[in-house]
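The structure appears below as structure tokens.
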2 protein chains.
Amino acid sequence: MKQKLSIVKIGGNLIEDAQGFKHVLDLFSKMDGNKILVHGGGRKATELANQLGIESKMVNGRRITNAETLDIALMIYGGLVSKKIVAQLQALGTDAIGMSGADADAIRAHKRPKKNVDFGYVGDVDVVNTYGILKLLQAGFTPIFCALTHDGKGQMLNTNADTIAAELAIAMSDQFETTLYYCFEKKGVLQDINDENSVIQHIDSKGYDELLAYGIIADGMLPKMHNCFYALRNEVSKVCVGNTNMLEANNSDYTTLTL
Amino acid sequence: MKQKLSIVKIGGNLIEDAQGFKHVLDLFSKMDGNKILVHGGGRKATELANQLGIESKMVNGRRITNAETLDIALMIYGGLVSKKIVAQLQALGTDAIGMSGADADAIRAHKRPKKNVDFGYVGDVDVVNTYGILKLLQAGFTPIFCALTHDGKGQMLNTNADTIAAELAIAMSDQFETTLYYCFEKKGVLQDINDENSVIQHIDSKGYDELLAYGIIADGMLPKMHNCFYALRNEVSKVCVGNTNMLEANNSDYTTLTL
């Protein structure tokens with residue numbers, strides 16, 4: 001039987017709320033078994049860019065990454081946020097190592113080809129080095145990934161944290177029975193977006209198609225759900241969507257997705 | 001017989017010189033056996049502080065680290081510089097992992113007590129987690145350390161890179177025959193500071209005392225030499241001081257220090 005692995009993705013904005021930040025890391029540190037954390041950078045990157053007078057260009061919700069904004073991503077995601085998470089987890093007894101895709105050659109990507117939009121230094125994932133990550137897990141470490149990859153030729157690249165979480169979960173599913181947790185603001189996928197208590201407990205492929213058809217899943221949830229089912233169709237056992245409380249051992253008030 | 005371990009400390013300013021940066025990482029990647037790189041952050045931290053209107057206070061050549069300048073150290077040392085080094089080393093075939101003292105709980109420190117000067121978030125090293133570092137080396141990884149430690153209670157701290165290199169070398173000497181390389185601008189310790197070709201090839205404790213007495217070693221070299229002999233008196237086999245060319249296999253034009 002395969003060992004279990006939990007991959008938890010948290011938003012970067014959590015880091016700005018000192019209490020919420022401690023809460024989620026406390027819950028993460030208490031999770032049993034093999035685990036990996038993936039974090040975004042949140043508003044801090046935009047804030048620093050503004051302070052430095054660097055314009056943050058967004059197209060379809062994705063940041064355009066020129067050399068200057070890549071440096072900001074290295075500073076905020078790879079430095080400030082990563083090290084604060086690692087120090088906090090160590091204090092909670094979790095032997096964390098902060099990583100980008102370059103560290104341990106964990107995630108290689110290629111610069112997204114120019115089509116209509118030149119996204120700049122944005123990486124689309126080519127390969128996850130499961131062997132390297134496995135060595136770290138087996139040595140008892142807990143990898144903490146930020147939203148950065150590399151191209152194997154010396155260039156760092158910016159890669160969406162949701163994508164990194166999905167690609168890690170898919171790659172590690174060869175070795176592990178993998179559950180992917182996407183933490184966001186809501187308690188789960190809601191039947192009625194205005195009612196926080198209308199969490200849909202379980203969605204499978206058929207239910208997903210229906211929810212899409214009825215327009216229940218729309219806007220910001222679309223790419224998130226797309227990532228979830230992409231992971232499930234590629235051997236990830238289970239995807240959970242909800243707020244950080246879903247990491248609590250006895251909580252089941254969130255959305256579970258399976259094929 | 002103990003295995004060999006090389007610990008190489010490079011200055012942060014090397015990173016600003018694209019050619020010198022590639023050169024030193026190329027030499028480092030070609031070094032045989034177990035190795036660890038330690039890097040400073042250089043002028044980039046001061047530059048960013050200036051851009052953000054944060055005053056960089058220095059006392060006796062040491063930066064005073066308030067909460068804002070600690071964040072800058074996390075961004076520049078732990079993020080920008082570390083990830084650029086790691087990506088470059090990966091391209092050169094070295095399986096690098098960028099680390100602070102918090103990652104893998106590698107280096108614990110305590111906040112320096114206030115005496116005449118309050119250095120702020122500056123850490124004096126308490127303990128190096130040789131077991132954690134050994135696990136990484138045995139798994140085939142090359143740790144890349146920046147000038148950051150943690151207190152084990154969730155607080156990151158700023159620690160001088162020369163000190164980190166010395167403390168790592170001392171701690172790892174239980175397991176390894178350790179050589180510590182301090183790279184700086186000069187070819188070595190010079191008999192005549194104005195003559196780059198007056199490198200003193202070898203200095204032992206007795207010679208060191210004489211050089212001190214004659215005032216050959218003074219000013220900026222004093223703390224560096226102090227670190228070197230501190231390491232030697234604590235079981236480090238050999239300390240080498242010179243410019244980055246000393247990492248070349250066949251070069252012997254630098255200063256070697258032994259007890």
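Just so it is clear, glycine is given a Cβ too, placed from its N, Cα and C backbone atoms.
Here the structure is a predicted model, which means the values were calculated and not measured.
The substrate binding site annotation in TrEMBL covers B:GLY41, B:GLY42, B:ARG63, B:ASN158. Feature annotation from TrEMBL assigns domain 'Aspartate/glutamate/uridylate kinase' to B:5-243. Taken from TrEMBL, the feature site 'Transition state stabilizer' covers B:LYS9, B:LYS224.
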Give, as a single whole number between 0 and 100, the mean pLDDT over the domain 'Aspartate/glutamate/uridylate kinase' (B:5-243).
93
Residues that sit under 8 angstroms from B:LYS9 (site 'Transition state stabilizer') by C-beta distance, when 6+ apart in the chain:
B:LEU37, B:VAL38, B:HIS39, B:GLY40, B:ALA161, B:ASP162, B:ILE164, B:ALA165, B:LEU180, B:TYR181, B:TYR182, B:CYS183
Neighbour count (Cβ, 10 Å) for B:ASN158 (substrate binding site):
27
Fewest other C-beta atoms within 10 angstroms of its own C-beta: which of the binding-site residues B:GLY41, B:GLY42 fits that?
B:GLY42
Rounded Cα separation (Å) that holds between B:ASN158 (substrate binding site) and B:LYS224 (site 'Transition state stabilizer'):
18
Rounded to the nearest angstrom, how far is the Cα of B:LYS224 (site 'Transition state stabilizer') from the Cα of B:GLY41 (substrate binding site)?
17
Three-state secondary structure, B:LYS224 (site 'Transition state stabilizer') (per DSSP):
helix
Among all the protein chains here, how many other CB atoms are within 10 A of the CB of B:LYS224 (site 'Transition state stabilizer')?
16
